[in-house]
Amino acid sequence: MAEPGTYGRSSLVQVDCRVHELLLRQRRQERTMLKLIASENFASSAVLEATGSIFANKYAEGYPGARYYAGNEIVDELETLAIERLKALFGSEHANVQPYSGSPANQAVYRALLSPRDKVMGLPLPEGGHLTHGWSVNFSGTDYQRVPYGLHDKTQQIDYDRLRETARRERPKLIWVGGTSYPRVFDYAAMAEIALEANSYLVADIAHISGLIVAGAHPNPVVHCDVVTSTSHKSIRGPRGGFILSKNEDRYQALYHSTSKHNLAKRIDRAVFPQLQGGPHMNTIAALAVALQEAATPSFRTYGHQIVKNAKALAEALLGRGYYLVTGGTDNHMLILDLRDRPLSGKAYAERLARAGIITNFDMVPGDPRDPTVTSGIRLGSPAVTSMGMREAEMVQIAAFIDSVCRQPDDQEVHASVRRDVADFCTAFDVPGISDR
């Protein structure tokens, strides 16, 4: 036990050598492996500094100017700063930066807009949607009536005509637009027309593409949607957290919430706190404010467009090597390898790629005959390698690495050789938050 007056002065390696050793191992891994998971990225040193700051010590239940603890004048300024930066970047009327992550943000939307057993339309998980958009094992699929919409049989893209027919027939109270494994641009204008015809709230989940939207590399849903949710990491390169954007007023107030004295923005805030969460993580909000400052720069706009260029280059290189991609390509930061014509499962290929220093995740493909725990696909993403400074030429080399492993999935010597080549390949690039710390 530390002597009085000495607590808190020792470094991590002095206090806990085991955690320090794990940290060093993770750092080495991230410097020598290709991070191709579409939902991962590298936060900057500034974002990491704010995440590990003394703002982690402050309890701040409530909202700026209306806290349940004293001494929050500074964090009031901090949260207000994050809110204003977020609203400015996306052109939103209202913003809430307190959700602990994307799923809690989505749960708050359910609480603010719906009653239990209301109908919810969303893209099913096997076709690119998210658990919280009405999947059967999630609260959204058990507490609400789920009405799935699907993809066109030939293009594997959202079938907006069938979606419209389903919405007219089922008249869901909420329609989700967004996903975790959908490599194409969403037609927010078409979705808004469909939602209006059905008297449905339209909610966009932009967790994967928020950085692309800020950069102008993907359409902005804010003008078309009642509510927009997101994580604060992934392509926007912030801390692990979430946020919600919304209109101030509810266009369906008289229809669905006539007895409520609160407008849409207020109901969103009340759903986050006190209905679902307690004290916000002020260190995360501080880091989000920093990430939003970074995202407002011209260099971030260049970065966002390069993400898409790199994803397209990787897609073209893999197509040229005979691989099939869901939808035939990509418009955003991700691509889905359909490996149903290959001898092994998506999980098996992902494991072999990882041994070769290529980090991916196995993923379901439309019409997947395999169980979700093994799948027939692999999802690849370009945000992290783009943050390292890689461009189109490097994507061609990455495709060659992937092909070497997948063509010889049981040749461990090949995997070991690719692992060495990948490590050498990565040393030519800096890893943000690691190389500069």
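The backbone N, Cα and C atoms fix where each Cβ goes, and this holds for glycine too.
Database features (Swiss-Prot):
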BINDING   L125, G129, H130, L131  (6S)-5,6,7,8-tetrahydrofolate binding site
MOD_RES   K234  N6-(pyridoxal phosphate)lysine
SITE      H233  site 'Plays an important role in substrate specificity'
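Least crowded of the binding-site residues (L125, L131), judged by neighbouring Cβ atoms within 10 Å of its own Cβ: L131.
Around the Cβ of H233 (site 'Plays an important role in substrate specificity'), a 10 Å sphere holds 27 further Cβ atoms from the protein chains shown. The Cβ of H130 ((6S)-5,6,7,8-tetrahydrofolate binding site) lies under 8 Å from the Cβ of N106, G122, L123, W176, G178, G179, T180, D205, A207, each on the same chain and at least six residues away in sequence.
A 10 Å cutoff on Cβ-Cβ distances gives K234 (N6-(pyridoxal phosphate)lysine) a total of 26 other Cβ atoms nearby, all chains included. Neighbour list (G129 ((6S)-5,6,7,8-tetrahydrofolate binding site), Cβ cut-off 8 Å, at least 6 residues apart, same chain): G122, L123, W135, W176, G178, G179, T180, Y182. Counting only the Cα atoms, the space from the residue listed as 'N6-(pyridoxal phosphate)lysine' to L125 ((6S)-5,6,7,8-tetrahydrofolate binding site) is about 19 angstrom. Here H233 (site 'Plays an important role in substrate specificity') is positioned 18 angstrom away from L131 ((6S)-5,6,7,8-tetrahydrofolate binding site), judged by their C-alpha atoms.
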